[in-house]
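Database features, via TrEMBL:
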- 8, 48, 197, 199, 303, 304: Mg(2+) binding site (BINDING)
- 156: active site (ACT_SITE)
- 197: active site, proton donor/acceptor (ACT_SITE)
- 199: site 'Transition state stabilizer' (SITE)
- 277: site 'Important for catalytic activity' (SITE)
- 304: site 'Interaction with DNA substrate' (SITE)
- 304: active site, proton acceptor (ACT_SITE)
- 370-424: region 'Disordered' (REGION)
- 370-381: compositional bias 'Basic residues' (COMPBIAS)
- 389-410: compositional bias 'Polar residues' (COMPBIAS)
- 465-514: domain 'GRF-type' (DOMAIN)
């Protein structure tokens with residue numbers, strides 16, 4: 001069996017993803033290893049790693065028992081990025097970064113790029129510059145003993161920001177490039193699996209609020225998925241796309257099967273989200289070898305949950321990792337870079353080299369004369385010092401002539417000292433006086449406190465929501481517009497279906513400016 005798992009991890013360096021470990025000081029390598037052990041997969045595809053090569057550390061990249069491959073964003077730090085971890089028993093025969101081939105090294109690449117005449121070089125470079133795709137090619141063996149090729153495309157598709165129309169264009173062009181590459185690999189005879197965060201909820205059943213969304217079916221991303229996928233999973237339908245949504249193949253009518261939730265609204269508590277993460281396989285592969293497709297909503301640590309599939313094939317590991325493997329990066333390969341590698345050897349003229357290293361005869365004569373002068377000077381100075389005589393260290397210390405004389409004052413003896421006794425009346429008076437002073441200080445403090453309380457009233461109590469009569473939470477408008485920066489109150493409960501009484505009510509109230 002071959003088990004595949006995909007997870008939008010939302011930052012590979014963040015609190016190490018809901019994995020509970022006994023030692024609070026566990027290192028990153030142990031934590032990353034426990035993540036992979038928890039997912040229990042032969043191949044793990046991670047999206048949104050949010051690391052660039054300069055901040056990737058060895059404990060995150062080199063895990064015992066696995067070989068890893070990373071694709072980094074080249075424009076922004078802490079943004080996008082994907083990574084694939086393969087068990088040593090599933091070592092790929094080839095690995096490649098990007099979809100266009102512009103990032104290929106011609107050594108250990110997957111190949112098969114299709115017809116890209118519709119794209120300019122600048123557009124292809126921009127589509128691959130955000131580190132959104134990583135390909136690994138594996139050899140698999142079916143139960144019949146046939147050896148086949150399987151290409152795994154780990155992908156993190158762009159999000160279309162409603163406020164940035166150019167990002168929708170970028171997303172659709174990325175979809176187009178992804179489909180061309182996948183179909184070219186299929187045409188070359190390889191099985192293909194596309195797994196990752198596609199950033200589109202395909203059907204109304206895959207979105208919590210599809211009923212209230214305008215033109216849900218007309219979304220360009222959903223139309224693209226309509227053309228890519230076959231209808232009704234494994235069943236024959238009117239449209240026969242080259243790929244199948246494996247989860248809907250095994251669970252065609254499963255409702256509330258979501259993989260992404262809003263962390264701001266706490267929507268995961270009531271499972272109020274959407275399904276954006278997929279395992280898409282070519283039709284032949286899904287029908288013949290897929291045994292199951294699943295979600296892992298119990299795995300915490302990100303705003304997404306892992307998804308995966310099980311295939312009835314075995315992996316045939318390569319004898320050596322492809323060159324893209326992180327174990328071959330100089331910073332992780334144990335070959336420390338030395339500064340001598342960056343220095344250029346300077347060839348000197350033989351005459352200049354001889355003159356620089358060997359002084360001339362005249363210079364040697366001058367050097368001998370100077371040495372003789374130094375010797376004569378040292379001998380004269382030593383004779384002078386010996387004639388004068390060396391001073392003793394004790395000669396610098398003289399006894400003091402002005403010592404203080406012993407005083408003739410008579411000090412009282414201990415027997416004549418007497419401690420005065422305090423009467424009971426004096427003690428009571430002191431106690432009363434202390435209490436009066438403390439009372440006055442307390443009254444003065446209370447007066448000051450009441451004054452400042454009247455001047456600075458402090459935050460007003462939170463209003464109660466209309467649906468549950470519970471204290472609200474204050475939020476701030478972050479959307480550009482006339483209300484940017486304004487505060488408002490809303491129900492503190494997590495977001496959920498309107499029919500669920502335990503979910504957030506519709507209470508809304510603008511905060512009065514202070």
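We number each residue from 1, going along the chain as drawn.
Cβ atoms are placed via backbone N, Cα and C, with glycine included.
Taking only the Cα positions, the spacing between residue 199 (Mg(2+) binding site) and the residue listed as 'active site' is 8 angstrom. Once Cβ contacts within 10 Å are tallied over all protein chains shown, the binding-site residues 8, 199 are led by 8.
Around residue 48 (Mg(2+) binding site), taking its Cβ as the centre, 23 other Cβ atoms fall within 10 Å, counting all chains. Long-range C-beta contacts of residue 156 (active site), restricted to its own chain and to partners at least six residues apart, with a cutoff below 8 Å, comprise 8, 47, 48, 80, 81, 82, 132, 133, 196, 197, 199. Cα to Cα, residue 304 (Mg(2+) binding site) and residue 277 (site 'Important for catalytic activity') are separated by 8 Å.
Under a cutoff of 8 A between CB atoms, and with a sequence separation of 6+ in the same chain, the neighbours of residue 277 (site 'Important for catalytic activity') are 6, 7, 8, 196, 197, 198, 259, 260, 304, 305, 306, 307.
For residue 303 (Mg(2+) binding site), the number of other Cβ atoms no farther than 10 Å from its own Cβ, over all displayed protein chains, is 17. Taking the centroid of the Cβ atoms of 8, 48, 197, 199, 303, 304 as the Mg(2+) site, the other same-chain residues with Cβ within 8 Å of it are 10, 47, 156, 260, 276, 277, 302.
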